[in-house]
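For reference, Swiss-Prot has these:
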type: ACT_SITE; residues: TYR139; note: active site, proton acceptor
type: ACT_SITE; residues: LYS179; note: active site, proton acceptor
type: BINDING; residues: 11-12, 32-33, LYS39, LYS54, 75-79, ASN92, LYS143, VAL171, LYS179; note: NADP(+) binding site
type: BINDING; residues: ASN170, ARG181, HIS188, PHE202, GLY203, GLU204, TYR205, ARG215, TYR294; note: substrate binding site
Amino acid sequence: MTIIVTGAAGFIGANIVQALNVRGEKNIIAVDDLRPADKYRNLADLDIIDYLDKDEFLEAFRSGRFGKVKAVFHEGACSDTMETDGIFMMANNYRYTMDLLDICTAQKVQLLYASSAATYGGSDVFVESREHEKPLNIYGYSKFLFDQVMRKRFAEKTNTAQVVGFRYFNVYGPRESHKGRMASVAFHQYYQYKANGHVKLFGEYGGYGAGEQSRDFVSVEDVVKVNLFFLDHPEISGIFNLGSGRAQPFNDVAHAVANAMRKLDKAAPASLQELVKEKAIEYIPFPDALKGRYQCFTQADLTKLRAAGYAEPFLTVEQGVGRYIEWLEANSSFLANPL
């Protein structure tokens, strides 16, 4: 049976395709917008049976061209939180997903889609509940609105197959180089350290000390595992947080990156204080442009995910970032012109 992955040349989508390949799944249709064209690298070592541009995909799917489809992983979206074109964002993220939902409903196809922790925006509580959702930008709103539609459909029990939304927190890991400035902190710090021997972090802001603003950093390895868990449990629908369940400061990421790079140089690990003293970690003033628009703390509440039966542990920053740095080093040619 066919599996479709939208955003297949993107970060999370390509990792899902890879994991499906490891399972022996090759009957995969990849959907994306290959602008920039360099994203093709994320597909070059993967097995798929067809590729479609996102603009031709919906009509092809609606017409039944793919025969019996088991599931759609919908990872395709504009994820640029600085995008200000609301018409583009709503058409690309909200309306496109609504059309895809209608087709999956008509054909009784499982739909596993990317929501976002951006739906919480300015909230300081990260529980999958309407009162905690306060998106701060049009990206967050585009994801929030589709989640609202799904809540109504869940209540009305109008779905013909599984629908699951994943509120991704700060995801990092392999195959994100095409994202440029929207790539993870770990990715950027790796290249900073490689080029300059140090990494930069924001200084004090929002009541947090230098580098102590904290996020829920989650490895793409864990994100993929959760996606596949729900693929294997089509009886479960809903909207779920997908983070590690831990808030860790940016200092932890910088510390992990610096020590991973030191390990490659066969140097002993250093403490955070030692790295700051050596100027391997430098703090810069918090930019005025981000004041009032920046989340200083996020932490996924995993109560609902655990109640659904997902029991696997999540990688810590120390574990996941160390593995990621090793991957970046081993795949430097794969990442030509990363920024």
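Each Cβ is built from the backbone N, Cα and C atoms, and glycine gets one as well.
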Subject >> Surrounding CB atoms that lie within 10 Å of the CB of TYR139 (active site, proton acceptor), all protein chains >> reply: 22
Original post:
Using C-alpha atoms, which one of the recorded positions TYR139, TYR205, TYR294 comes nearest to LYS39 (NADP(+) binding site)?
Top reply: TYR139
Original post:
In Å, how large is the greatest distance between any two Cα atoms among ASN170, ARG181, HIS188, PHE202, GLY203, GLU204, TYR205, ARG215, TYR294, the listed binders of substrate?
Top reply: 22
**OP:** Would you mind pulling the DSSP three-state label for HIS188 (substrate binding site)?
**Re:** helix
Subject >> Those residues of the chain, 6+ apart, with a Cβ under 8 Å from that of LYS143 (NADP(+) binding site) >> reply: ALA77, ASN93, ALA114, SER115, SER116, ALA118, THR119, PRO135
**OP:** Could you list the residues of the same chain, at least six apart in sequence, whose Cβ is under 8 A from the Cβ of ASP32 (NADP(+) binding site)?
**Re:** THR6, GLY7, ALA8, ALA9, GLY10, GLY13, LYS39, TYR51, ASP53, LYS54, GLY76
Original post:
Given the recorded positions TYR139, LYS179, GLY203, TYR294, which lie within 10 A of PHE11 (NADP(+) binding site) by CA-CA distance?
Top reply: LYS179
Original post:
10 Å Cβ neighbour count around HIS188 (substrate binding site)?
Top reply: 18
